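Worksheet for the structure shown next.
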Amino acid sequence: MSLNVEQISKYSDKHPKSASITFTYGTAGFRTIGETLESTVFRCGLLAALRSQSKQGKVIGVMVTASHNREEDNGVKLVDPMGEMLQQSWEGYCTTMANAATTEEVVEVLAHIVQEERIDLTIKPRVAYARDTRPSGPLLQAALEDGLSALDVLASNYGIVTTPQLHYFVRCLNTENSSAAYGEPTEAGYNAKYGQAFLRLVEGKQTPSKLYIDAANGVGAPQVLKLADAINSPYFDIEVRNSDTQTLGKLNVDCGADHVKSNQRPPAGVTLVPGQRYCSFDGDADRILYYYADEQGTFHLLDGDKISTLVATYLRDLVSTAGVEDLQVGVVQTAYANGNSTSYIKDTLKLPTVFAKTGVKHLHHEAEKMNIGVYFEANGHGTVLFNPSAVAKLRAVEPATPAQVDAVERLWALRDLINESVGDAMSDMLLVETILICKGWTLPQWDEAYTDLPSRLLKVVVTDSSIFKTTNAEQTLTSPPHLQDVVDSLVTEFPRGRAFVRPSGTEDAVRVYAEAATRRDCDQLAYSVAGAVFDRAGGRGERPSEFL
């Protein structure tokens, strides 16, 4: 069987590529101004079909979203059969396909992939797709559906859902009727699985105070309300703020997890009251951060590092109580993790920690190597993975005491509570709520574990970011020559100093991260390093302001 060139061409001609734009498939898939993505999303439909056929007809996911980006942006990414990110070797196919100049080139790229991957075109391809609330969503969904029709895909439209829900649906569809069945591939199934696991874990504990959720005026708003309805319990008493998904111009504006993290202040529409509890999702609900105000009204952020250490502590204690031999909890971080969080994990929790390159796919890969791998980026995106060895050890354990029985049951319930396919704001929220309820902790008590070092993240615009090369999980520059020596020299001038420079993956700019023992030292270090980058590596525009 060969490709139906006539049918592909008929649909492809409806979605020509603009000659002026070059697309690149990155960690988050394709992401740019929504109206420019029509040809790219169409072609992602074609690629999803081939990917499914290459996986013997397994369901592949396609999500149309731009997460925490501004409303006029949009994006598209493919989801592999177990709900994980697209295999890296296919990212190049995506980029090549998106940049094919003509329909003839599109067909050529398809034929090349079929040959390279030895794809059996007689296999019926299956794809599940969804989108978020962005105004360009309907246009891009229609383009995607044309791509699926061009290759006669058996498609399932999940409508407007969160990104993690789509990942969950894909995993469920591919494990149906097997011993590894993950759940029911519906919104109701999602809510039932995570809601019931939550209630199993908190039953009999003291009910918490209300949780105020900033939903970034995104898709998380209606979905978390559905989750609350499904749980229907005083253990999950919520009030959703920034929930307007209908008014144009509100998505992620002055709200959402990225805004809170970047600006270190509460979102618009949320007035902090001491003693109350708050969290923020991002626009597609795959990130979550907590925060509160102390008695003096000072803002305190509980970011991904704080979530990671909370979860790792709870899992470590349960594993210890359960008496499971050789079952190790580990933590994966990026270079952006606060230095005091790393010290706390290593020195206080006595848990192994490794650093991965920035990007969820890199953390996920490292976490898979651990028995129980906890990973969160500082921005609040992360999850927990139980690898097959951990599952086997839990099944084999024979608890001898009531405490051991309870601990083992809790570990199984936690596995049901966690969306292992991808970072999920709603699942992670229930995980945090579970731990706080079981420990009887307030947010300030959680925050007491360690104090973050002051940190600063700066952007330096440069002529060519491709000259910046790194090693050591992006913490050390290998190019331009001698620039790392300058950074190292500056770091030695400040107590508890640490700094690194890494290129942006989306623009000709580099990120400069610095931390030190005091706010003044931190800022001086950050601006000194940024100035050195600007002076020695082709800075453009305004030089980073000198620290005053």
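Each residue, glycine too, has its Cβ placed from N, Cα and C.
Same-chain residues lying 6+ beyond the ends of the domain 'Alpha-D-phosphohexomutase alpha/beta/alpha' (59-88) with a Cβ under 8 Å from its Cβ atoms: 27-35, 37, 40-41, 44-45, 47-49, 51-52, 94, 125-132, 134-137, 140-141, 144, 156, 163, 166-171, 173-175, 216, 248-253, 256-258, 282-284, 286-287, 360-361, 364, 420-422. The domain 'Alpha-D-phosphohexomutase alpha/beta/alpha' annotation in TrEMBL covers 59-88 (among others).
For Asp282 (Mg(2+) binding site), the same-chain residues that are 6 or more apart in sequence and have a Cβ closer than 8 Å to its Cβ are Ser67, His68, Ala216, Gly218, Gly220, Asn252, Gly256, Ala257, Asp258, Gly380, Ala425. The Mg(2+) binding site annotation in TrEMBL covers Ser67, Asp282, Asp284, Asp286.
Taken from TrEMBL, the feature active site, phosphoserine intermediate applies to Ser67.
Positions annotated as domain 'Alpha-D-phosphohexomutase alpha/beta/alpha' by TrEMBL: 98-176 (among others).
Per TrEMBL, the feature domain 'Phosphoacetylglucosamine mutase AMG1' maps to 204-288 (among others). Per DSSP, the secondary structure of the domain 'Phosphoacetylglucosamine mutase AMG1' (204-288) breaks down as 22 helix, 14 strand, 49 coil.
Annotation source TrEMBL lists domain 'Phosphoacetylglucosamine mutase AMG1' at 303-441 (among others).
Positions annotated as substrate binding site by TrEMBL: Glu377, Ala378, Asn379, Arg502, Pro503, Ser504, Gly505, Thr506, Arg511.
DSSP assignment over the domain 'Alpha-D-phosphohexomutase C-terminal' (471-530) gives 21 helix, 18 strand, 21 coil. Look at TrEMBL and you will find 471-530 tagged as domain 'Alpha-D-phosphohexomutase C-terminal'.
Between the alpha carbons (Cα) of Asn379 (substrate binding site) and Asp286 (Mg(2+) binding site) lies a span of roughly 10 Å.
Across 204-288, 303-441, 471-530, the stretch most heavily in contact with the domain 'Alpha-D-phosphohexomutase alpha/beta/alpha' (98-176), judged by Cβ pairs under 8 Å, is 204-288.
Taking Cβ-Cβ distances under 8 Å and a sequence separation of 6 or more, the neighbours of Arg511 (substrate binding site) in its chain are Leu457, Leu458, Lys459, Val501, Arg502, Pro503, Ser504.
Shown in sequence order, Thr65, His68, Thr162, Thr163, Gly218, Phe281, Gly283, Ala285, Arg287, His381, Ala425 are the same-chain residues outside Ser67, Asp282, Asp284, Asp286 whose Cβ sits within 8 Å of the Cβ centre of the Mg(2+) site.
Restricting the average to the domain 'Alpha-D-phosphohexomutase C-terminal' (471-530) gives a pLDDT of 94. Non-local neighbourhood of Asp286 (Mg(2+) binding site): Ser67, Thr162, Thr163, Pro164, His381, Val422, Gly423, Asp424, Ala425, each in the same chain, at least six residues away, with C-beta under 8 Å from its C-beta.
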